[in-house]
Amino acid sequence: MTAEIIDGKAFAETVKARVGRQVEALKKNHDFTPGLAVVLVGEDPASQVYVRNKNKSTVAAGMKSEEIRLADTVSEEEVLAVVHRLNDDPTIHGILVQLPLPKQVDEMAVLDAINPEKDVDGFHVINTGRQAVGLPAMVPCTPLGCIMMLKDRLGDLSGLNAVVVGRSNIVGKPMASLLLAENCTVTIAHSRTKDLPAVVRGADIVVAAVGRPEMVRGDWIKPGATVIDVGINRIEGENGKTRLVGDVAFDEAKAVAGAITPVPGGVGPMTIACLLANTVTAACRQAGLEEPQV
Ligand SMILES: NC(=O)C1=CN([C@@H]2O[C@H](COP(=O)(O)OP(=O)(O)OC[C@H]3O[C@@H](n4cnc5c(N)ncnc54)[C@H](OP(=O)(O)O)[C@@H]3O)[C@@H](O)[C@H]2O)C=CC1
Ligand SMILES: Nc1nc(=O)c2c([nH]1)NC[C@@H]1CN(c3ccc(C(=O)N[C@@H](CCC(=O)O)C(=O)O)cc3)C=[N+]21
Ligand SMILES: [Mg+2]
């Protein structure tokens, strides 16, 4: 058996095209343009790639895009001042502060300062709590993109055994919460989990969000399972060039799974597409407009 490769890049293009049509309708019918601001602290090259991709996609969808770059020596007060300015800017409907932040800046304090209505990452505790109890919320982009790919492939997720490897606030925990809301039986595994391979072998759905290159092996995968690989790891290839790999040993897992997302071209592009979709949602809520159904 060889797994179906889930084409996150192609899926993301369809989502971005829909967002583009929605933005066009908002401009035409309401003279209204959604705006997204991304705050990038420091020079981390990977983060710069993400920010560039986001910026390009935002502009391609017809939205306003503002990019704020701050030195990695910046003080917490300066970051908070930028967030407050963006909270007060009526042309900005979405604010994303790229993580991680340098150690002198308290991440929780910065996330807490973002107006929850503009929190397109869905990382504010207000949005986390609203999502957890089933109220309308901004939902974190990476887990949202994973759910969209799972539902596209599997339809109803009710009753499926889902194992999420990783419990970060930005991926693992919200992923588990969204799978629970889809009526999965959810297990969250982490660095203290005993016999991780055995836990993963029970899964109909595996979501790997660990940050360890190719840690999840093929013989951990139940035959026919759906594997979502969130990991983005740069490793040294044979020829000295760096290449991007996920948290799953792709070739091994592909031989056993029913479907699997590749890295690159899987979860990453869907994250960006969901960010744009969240920005339109946030903008419409702030302006008191219905989201255009186009
Ligand atoms: N494609 C995308 O859009 C995105 C990709 N990413 C990528 O996803 C990955 C995870 O990101 P993030 O959640 O921020 O990472 P974190 O480092 O914040 O969390 C990693 C999690 O993995 C767990 N873990 C670490 N080692 C092991 C192990 N040996 N066995 C079991 N569990 C382990 C940790 O457990 P413990 O809590 O016990 O320490 C922790 O919960 C990274 O590669 C990141 O680059 C992240 C965001 C978006
Ligand atoms: N506040 C905040 N929100 C985030 O959502 C957030 C963050 N901070 N910090 C870093 C992680 C990582 N992340 C990625 C998004 C897209 C790709 C992506 O587009 N990847 C492409 C291309 C990658 C490449 O070639 O470099 C792919 O996988 O095909 C990757 C990683 C969002 N994150
Ligand atoms: Mg920090």
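Every residue gets a Cβ built from N, Cα and C, even glycine.
Model, not experiment: these values are computed from the prediction.
These come from TrEMBL:
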type: BINDING; residues: Gly166, Arg167, Ser168, Ile232; note: NADP(+) binding site
type: DOMAIN; residues: 6-121; note: domain 'Tetrahydrofolate dehydrogenase/cyclohydrolase catalytic'
type: DOMAIN; residues: 140-286; note: domain 'Tetrahydrofolate dehydrogenase/cyclohydrolase NAD(P)-binding'
Secondary structure content of the domain 'Tetrahydrofolate dehydrogenase/cyclohydrolase NAD(P)-binding' (140-286), with strand meaning DSSP E or B:
58 helix, 30 strand, 59 coil
Looking at the binding-site residues Gly166, Arg167, Ser168, Ile232, which have a C-beta within less than 6 Å of some atom in ligand 2?
Ile232
Report the largest Cα to Cα distance, in Å and rounded to a whole number, among the residues Gly166, Arg167, Ser168, Ile232 that the record lists as binding NADP(+).
16
Given a separation of at least six residues and a C-beta threshold under 8 Å, show me what packs close to Arg167 (NADP(+) binding site) in the same chain.
Lys173, Ala176, Ile188, His190
Composition by DSSP (helix, strand, coil) of residues within the domain 'Tetrahydrofolate dehydrogenase/cyclohydrolase catalytic' (6-121):
62 helix, 18 strand, 36 coil
Using all protein chains in view, find how many other C-beta atoms are within 10 Å of the C-beta of Gly166 (NADP(+) binding site).
23
For the domain 'Tetrahydrofolate dehydrogenase/cyclohydrolase catalytic' (6-121), would you mind checking the mean pLDDT of the predicted model?
95
Spatial neighbours, same chain, of Ser168 (NADP(+) binding site) - Cβ under 8 Å, 6+ residues apart:
Ala209
Just counting, how many other CB atoms are there within 10 A of the CB of Ile232 (NADP(+) binding site)?
20
